[in-house]
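Chemist: Annotations per TrEMBL:
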- 16-298: domain 'ABC transmembrane type-1' (DOMAIN)
- 332-565: domain 'ABC transporter' (DOMAIN)
- 13-40: transmembrane segment (TRANSMEM)
- 52-76: transmembrane segment (TRANSMEM)
- 126-149: transmembrane segment (TRANSMEM)
- 155-174: transmembrane segment (TRANSMEM)
- 238-258: transmembrane segment (TRANSMEM)
- 278-297: transmembrane segment (TRANSMEM)
Amino acid sequence: MKTVFSYAKPYKFYIAIALVLMLLELVVELMQPLVIASIIDKGIVERDQDVIIQLGIVLMALSVIAFVSGIVNSYFAAHASHSFSFDLRQAVYGRIQSFSLAMFNKFPASGLITRLTSDVTLVQQVLYMGLRIMLRAPLLVVGSMIMAFVVNPKLALYLVIVFPFLLVFLYVMVKKGVAYFGFVQKRLDRVNRIVQENLQAVRLIKAYLRGKYETQRFSKVAGDLKFDTVKAFRIMEIILPILLFGMNLSLLAVLWFGAFEIQAGGAQIGELVAIVNYAMRMTGAFSMFSFIIMIFVRAKASSERLEEVLLAEDGHEQEDVGEDQPIRLGEICFDNVSFTYPGTEEPVLKNISFKLNPNEKLAIMGATGSGKTTLLQLLPRFYDTTDGVVSLHGRDVLKWSLRELRKTIGIVPQQSLLFTGTISNNLSWGKDEVAQDELADAAIKAQIHETVERFPKGYYTRVGQKGVNLSGGQKQRLSIARALVRNPSILILDDSTSALDVKTEGALWEELEQEQATMLVVTQKIRTAMRADRILLLEEGRISSYGTHEQLMTKSELYRQIAMSQQEEEVDEYV
Ligand SMILES: Nc1ncnc2c1ncn2[C@@H]1O[C@H](COP(=O)(O)OP(=O)(O)OP(=O)(O)O)[C@@H](O)[C@H]1O
């Protein structure tokens, strides 16, 4: 909890004021039974009206102080806890942004969402409640106990006799609760994951008529969440009755022996009333305990989950040691590169070597799962090689600062991803300052300008979440335009023209061929591959063949088979 609560440090002033006010409220509360005892013993028993009036005024004044302290304490507690949770959420979000891809394998998106929402809220609640009642309740117990000893030590002894048992019981319950509520948050992760998956795949679910099946799947995980939550709460729920039972036993002992003491002259009625009053306050504080423990236990489990993210050891993404000047802008070299995904055994890329000069175009082909996307991911250092060296612009990628390295690369991923906002926002997303004509220029090259112009609001047309209101081909072309806006010296297209018709794709390639950029294009189409300077054919992570279309047609049986399997007329046209 230490790391998480270090984010509350900037608000220590507010916290201190809230604590002082809380202590004031507590002191006032502890004074009240003493005043009541005096009213009884010195006012009522001795029939002194002046004492009753004077002490009555004191009692009223104490109540007003407690009331005002409570309100102001609440204001400061709310300010401190909400500011703290804002900073904490920002910190966790910032940490997630700096994660390498390997870390996203370790922390799935759904779990990160739960951490950013529910876990942060639970930790915020614990700070708020801490400043309001959480500390007050135990202090009230301790304070009442001390005051009871001040009033009459003998009677107070009967009150505290059950304390050691109650403390051991509480310790055991807290330990159990932390484990149970940690499990509940994991169940919540699973519910979030299913919801996320389903909402993303809503069209597919409808098309496959799987609505009922998915609802059942959801019911199952939601049911598991309910089951474990009830189990965790059940543990918490037995705390209160047992605490109250213990306290009531003490109270009975105080009344029983108190009666004898009064008869024997060892105590006064007012003292007995004061001790009973303290006992009632202690019981009230104890009844808050189960609630407090529940919040504390949940927050502890949540803060552990947040610390997992904040303190996670990440391999390379933090490094920023490199130099930034390219030696040969646009040159790419893979020297005997092998790669195994973290947490797996089998290498996905094996002994890959090739070199591209600035502005050369490389087509990468190969069966599904042969390692094409993986190879591309080594360039912007989404992952680092296991063996061998990848060089960009004449320098080992490890010697570049990540920021400068990535600035030179434009990536169009296999799945086009757009953000909620206008088309213009989406196109300019990858660059800090862009003029409108730069956007139009990139859109013209990506063959999307005319389409955008036909929309009633043109470049100011709003794109729904993930581009739901655009066709697959439109999304692909917008993604390409977004990459071109950056004027990258390396352009990576990962099978990103698959949804385009032949004519549009041809026009697009004519534009891309004019670009001053070294290009790596993953494609399944011979027609596209033939436009590249060279073709790299991957087979199970190894280079099966490398060369021009003509060279591969003569030397690679696999390439010939792919060519033959594609439409005869297209192949015939170029052979
Ligand atoms: N994050 C990952 N962790 C572990 N293994 C992975 C990961 N991503 C991909 N792989 C594995 O690496 C291999 C190569 O995957 P890759 O995505 O590079 O193939 P690909 O040639 O691009 O395939 P496709 O044409 O289907 O996109 C596959 O066997 C895949 O299972």
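In case you wondered, yes, glycine gets a Cβ from its N, Cα and C as well.
All annotation found in TrEMBL is predicted automatically rather than curated by experts.
Keep in mind that this is a model prediction, so the values were computed, not measured.
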Chemist: Mind checking which residues of the chain, 6+ beyond the ends of the transmembrane segment (155-174), have their Cβ under 8 Å from one of its Cβ atoms?
Modeler: 145, 148-149, 235-236, 238-239, 242-243, 246-247, 249-251, 253-254, 257-258, 261, 267, 271-272, 275, 278-279, 282, 286, 289, 293, 296-297
Chemist: Check for me, if you would, whether the transmembrane segment (278-297) reaches the transmembrane segment (126-149) - at least 3 Cβ pairs under 8 Å, residues 6 or more apart in sequence.
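Modeler: These two segments touch.
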Chemist: Residues sitting near the transmembrane segment (126-149): Cβ under 8 Å, six or more positions beyond its termini, same chain?
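Modeler: Tertiary neighbours of the transmembrane segment (126-149) are 5, 8, 15, 18-19, 22-23, 25-27, 29-30, 33-34, 73-74, 76-78, 80-81, 84-85, 155-156, 159-160, 163, 274-275, 278-279, 281-282, 284-286, 288-289, 292, 295-296, 298-299.
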